[in-house]
Amino acid sequence: MPSLPPPPPGAPGGPPRDLSRRTFLRGLGAAATGLALTGCARGSGAGSGVTEITFFQSKPEVIGYFDGLIEQFHETQSRVRVRHDATSNLAGSFVRESPPDIGLLNYNFEISRYVERGALSDLGDLPEADRVKDELLPLIEVTATYPGRTSVLPYSLMAAAVLYNRDLFEQQGLTAPTTWSELTAVCEALSAAGITPIYSTYRDPWTIAQGHFDYAVGGMLDTTDFFTELKAQGADVGPSSPVSFEEQLLDPVQRMLQLTAWDNADAPSRGYGDGNLAFARGEAAMYLQGPWALTEIAKTNPDMNVGAFPLPMTEDPADRKVRVNVDLALWIPEASPRKEAAREFLQFLMQPEIIDAYNADNLGFGVTKDAAEVTDPTLVELQEYYERADFYIGPSQLVPQSIPLQNYAQSLVTGAEPRSVLRTIDADWSRLAFRS
Amino acid sequence: MATTTTTQAVRRDDAAPAPRRGRRPGVGRTSYLFLVPSLVLFTLAITVPAIMGITLSFTDSVGFGEFDFTGLTNYVALFSDPAILSSYGFTIGFALVTVLVVNVVAFLLAVGLTSKIRGKVPLRAVFVLPMVISGIVIAYVFNFLFSNSLPRWAGAVGFTPLEQSMLADPDLAWITIVIVTAWQAIPSALLIYVAGILSIPGEVYEAASLDGASAGRRLRSITLPLVAGYVLINIVIGFKNFLNAYDIIVGLTNGGPGTATRSVAMTIFSGFTGGDYAYQMANATIFFLIAVVLALLQIRLTRGKAAL
């Protein structure tokens, strides 16, 4: 293995390599899909000057919302028609080299590879790019960058923290903890009062990765720095490297495991749906979930008084940060032949009244300098952290999808040995870096 | 000798298709035309993508855009990747156990359903029912049973080992997958066994009874040897299917807890969605070779047994 030369990197910005091989495979692909593709007519109405673009947006909760916006867009102009695609396989569309003309998706490990390979076009020349809050740029960059390009424009940001039952806390004379020892004291007090302190749902691995794991790591470690250094190390990640999962993440993970002592006893067999239901019924005082759960909780208990606080992992209250993720970001693929029309729609979506209305409606935080503040009674508690830029991208969103991090997080809370799990992640990371 | 030479000469001199048509009436050129549609579809849908996939497995492609040929790098990396090796370990172990369970249960059921019992025809229909339900639906229903009902029943009777969901236990989760897969796979194996047992002539059993053979003896010395061919078919086909386990695992454990129940098919698919395209193509190529070996084995074992 060491004798093999490492594969050359994706040569960002370089000239296209080896067209013959590419053409060969593309030819094969064309032969294979030719029949199917002839059915999908190219999207322009013959001679009418109308361009039809495909808009890929698949966040299930807001599909109807965007259908409404598309209708609104159609009313304002007649040059561009938008077809809403919510179901295609995105990876497949890029493989077939027929990606959507414009996308609005969660910005994480999934979209990062398209950014890094230069598959998304530059949006930096649009005036909308200057409206994006400067504090968000490091978050976008640590996820993925392509030199010299603004590959995505953030649209909506979600801030996640510990959701807590304000009434239960008040009943017990407790306030939201600001340090680790206050947190453990709160858990002890709740336990003593016969209340389950934290409701957890191990059966759905993502709930552990985005909740316990991200909160614990992000609360103790600068994830942006960590991942920047990690990427700089290349394939050289292991016990002897300056940064590694095993070294930097062991403390946070051990604290996370201490917290599991206060989980509901049946956590291993509970899923996300069970968690929303149980928390809404007041079966536990705290729930490590993002704002997306609030809508679900309200379905069971519309009047529930829910608060939110960032999980304190240290003894310094100033260390508290909220976990954010770029829940939606706009991008236009380089391969789209209808970029101009797509940009027109992008500019429509970025209009202050439209983007603000979306975020207010869907519990998102605004991403533009002129954005309105959140008004949701739970999320107002997190506004101050957001304004101070006391936030981090959840580490689980920065690990490439081919490393089953969610499953590893699940194995941690179901009893696997932390050091060996972290060592496995290091090895996976290193192998991935070696071959890509 | 002379005759042979003449025949050969005649053949060589003839306009090629004419005498053949004369010798084999009914197999004309038109017959071959009927093969063309399926041949074209098969080539476009199976052969071409397979060749593309195998070619990509020697590159560093992420599924789109530029790529370079990297030789055997992916294959070398594959064989030293514990995640890949453990997925093979799990999948092969799971397939072996499931084949055993499915065939023992299906055979016993087939013996029961072909014996002189009342209402065996409606009973057969009942036992075949799981075959027509989609795997993912079955998996979600059983997921609920294993997560909620079973722990509650176990709690009610005080059987502590099962009070915690089996799906959440890395050492037990695979058993649930075997149970559910077997539940779905038994019907088709059962049908084959029923057909096999019914094909045994009644006189053989009559003769055996006259010789004073007990029911157990008849099962051991007549039924079993005479359905041996069907056993082989069931084992090979079953094993090949279980190696591809995907939907039921996704619905039950999604590879968890941790990575305890990740099958090879799941790992391959994760490369498609996760950008590890070329690497998992290499994995798929290896997996394909294993399937080829099994298919050859199946052809060998079932040769001459025209039953299917």
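Glycine is no exception: its Cβ is also placed from the backbone N, Cα and C atoms.
Summarising the annotation, TrEMBL assigns region 'Disordered' to B:1-24.
Positions annotated as transmembrane segment by TrEMBL: B:32-58 (among others).
Long-range neighbours of the transmembrane segment (B:88-113) within the same chain, counting only residues 6 or more positions beyond its ends whose Cβ lies under 8 Å from a Cβ of the stretch, are 120, 123-124, 127, 174, 177-178, 181-182, 185-187, 189-190, 192-194, 196-197, 219, 223, 227, 231, 234-235, 238-239, 242-243, 245, 260-265. For B:88-113 (among others), the entry in TrEMBL reads transmembrane segment.
Summarising the annotation, TrEMBL assigns domain 'ABC transmembrane type-1' to B:88-298.
Residues annotated as transmembrane segment in TrEMBL: B:125-146 (among others).
If you look up TrEMBL, you'll see B:172-198 (among others) marked as transmembrane segment.
Look at TrEMBL and you will find B:219-239 (among others) tagged as transmembrane segment.
Here TrEMBL flags B:277-297 (among others) as transmembrane segment.
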Intrachain neighbours beyond the transmembrane segment (B:219-239), with Cβ under 8 angstroms and 6 or more residues off its ends: 95-96, 98-99, 102-103, 106-107, 111, 185, 189, 192-193, 195-197, 200, 204-205, 208, 213, 294, 297-298, 301-302, 305, 307-308
Same-chain residue ranges lying at least 6 outside the transmembrane segment (B:32-58) that approach it to Cβ under 8 Å: 67, 69-72, 74-75, 277-278, 281-282, 284-285, 288
